[in-house]
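As written in Swiss-Prot, here are the features:
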type	residues	note
ACT_SITE	C109	active site, phosphocysteine intermediate
DOMAIN	13-166	domain 'Tyrosine-protein phosphatase'
LIPID	C173	S-farnesyl cysteine
MOD_RES	C173	cysteine methyl ester
Amino acid sequence: MSITMRQKDLRPAPALIEYKGMKFLITDRPSDITINHYIMELKKNNVNTVVRVCEPSYNTDELETQGITVKDLAFEDGTFPPQQVVDEWFEVLKDKYQQNPEACVAVHCVAGLGRAPVLVALALIELGLKYEAAVEMIRDKRRGAINAKQLSFLEKYKPKARLKHKNGHKNSCSVQ
């Protein structure tokens, strides 16, 4: 077995998180070598947007050729997002879910255990979950996700009705 294959086998599977009609796919970072496999996984989950919260390390041309938008919202590993990243995250969700309510938004950091799950947890909290339930939902599918510093941030986070269903349509959302 090659080293590359062993490393690939150790990677956690993408975690699909669904709540109130919104879908998020938490993944680890692809590479230029694994990008085609990554695109297949994204297509399988109806992803039209990838939010990259780590430093760029792969070429996004192939994703964009496939109609998948890449948005960079990098912030420091092991920490929680600054307010500007939080605001931009909710703008991305608003734009994408208004354009295509059935679509899934993928979000990744390096391992898919810290920064990416924190952004998804923020969305779940805005959709009405308590922080404990949001973290539990993510950890059920992404074991080891969210460190103590990030957990403390989520505990203190106050939802601001940024994601709210409109017209009773379960898949529509708006950012306020």
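Placed from the backbone N, Cα and C atoms, the Cβ positions cover glycine too.
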**Close in space, distant in sequence - the residue listed as 'active site, phosphocysteine intermediate', Cβ under 8 Å, 6 or more apart** = D28, R29, V53, C54, D77, R115, A116
**Request:** Averaged across the domain 'Tyrosine-protein phosphatase' (13-166), what pLDDT does the model get? Just tell me the whole number, please.
**Result:** 89
